[in-house]
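Features of the protein shown, as given by Swiss-Prot:
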type	residues	note
BINDING	C55, C60, C66, S292	[4Fe-4S] cluster 1 binding site
DOMAIN	67-281	domain 'Radical SAM core'
BINDING	C81, C85, C88	[4Fe-4S] cluster 2 binding site
Amino acid sequence: MTIAPEGRRLLRVEARNAAVPIEKKPPWIKTRATMGPEYTELRSLVRREGLHTVCEEAGCPNIFECWEDREATFLIGGDQCTRRCDFCQIDTGKPADFDADEPRRVAESVQAMGLRYSTVTGVARDDLADGGAWLYAETVRQIHALNPGTGVELLIPDFNAEPDQLAEVFSSRPEVLAHNLETVPRVFKRIRPGFRYARSLSVLTAARDAGLVTKSNLILGMGETTAEAVEALADLHAAGCDLVTITQYLRPSPRHHPVERWVKPEEFVELSDEAERIGFLGVMAGPLVRSSYRAGRLWGQAMARRGLEVPPALAHLTEPTTSRQEAASLLR
């Protein structure tokens, strides 16, 4: 394999990855397609209105559960990222022209879908003078303006930790500000060459200092050890991270980093317990957990543990419930 699907030649790292065959998934990597009434109604509406979500377009296995709770995820900034991470399905290249109308369209999609909680993520836009900070912030502002009772989780790149860019994003006041660390220091440069471990931690610290609920994610199976994962959890908490998700790496294509180990549900339970001991306000861990999985529920848990008031429209997010992809649920 020497040519990528989009017609360009493979990068050296991609060619090296492609020499390793795609791994066979273990039996515990599975999900059930349970289509409840809310999911069915939402799917019909999305098809009828021609709306676009990451949930459908990325084929997320958790779409049935999240849509049943009226939660969905949107990607902004285009489909080309200016950075390349060895695990990420999004293509790297020259992004499309900046679309200043995108925040309005996302907000209208949230309204049309009747979402109670939405996650907004996007690509890195180092080609823009502000790194795309206005686009991220304006999307949150537009969602809140058009949907006053809807919660927003904003998953951001690091904006090179530029104070002015971060201040613009933080001023939009999302319910949760997320920035994903993803992996441990020893393999960080190989997996995320466009990012820096300490810089990612500093973004979370800045968000905490701005009074926001903060969140991050760790992906297992890219060369880390369990002990290193625990150390990364401690680093995240020390940096001011409130919420954390822990997940299994699934290789998107032969061009991406090979899976180095399959983490059993029992280890996810142990890491979840360790994260609770470290002091996180909310933890979601399991092979098919993703950073936006049951995002509203995790935020509700954090608010309850902080003793903070939850708006009436989002009160359902504080009710005790089980999540199908949590490792503890898989062991029952």
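Every residue number used here counts from 1 along the chain in the order it is shown.
Here the Cβ of each residue, glycine as well, is placed from N, Cα and C on the backbone.
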On a simple 10 Å Cβ count over all chains shown, which one of the binding-site residues C66, C81, C88 is most densely packed? C66
Write down the Cα-Cα distance for C88 ([4Fe-4S] cluster 2 binding site) and C55 ([4Fe-4S] cluster 1 binding site), rounded and given in Å. 15
Can you tell me the three-state DSSP label for C81 ([4Fe-4S] cluster 2 binding site)? strand
Using a 10 Å radius around its CB, how many other CB atoms surround C85 ([4Fe-4S] cluster 2 binding site)? 21
Note the Cβ centroid of C81, C85, C88, the recorded [4Fe-4S] cluster 2 site, then list each other residue of that chain whose Cβ lies within 8 Å of it, in sequence. R83, R84, F87, Q89, I90, T92, V123, A124
Residues lining the [4Fe-4S] cluster 1 site besides C55, C60, C66, S292 (CB within 8 A of their CB center) are T53, V54, N62, I63, W67, E71, A72, T73, T119, R290, Y293
Whole-number Å only: compute the distance from the Cα of C88 ([4Fe-4S] cluster 2 binding site) to the Cα of C60 ([4Fe-4S] cluster 1 binding site). 14
Relative to the Cβ of S292 ([4Fe-4S] cluster 1 binding site), which residues of the same chain, six or more apart in sequence, are found under 8 Å away? V54, C66, E71, T73, T119, T121, E153, L155
Cα distance (Å, whole number) from C60 ([4Fe-4S] cluster 1 binding site) to C85 ([4Fe-4S] cluster 2 binding site): 19
10 Å Cβ neighbour count around C60 ([4Fe-4S] cluster 1 binding site)? 21
What three-state class does DSSP give C66 ([4Fe-4S] cluster 1 binding site)? helix
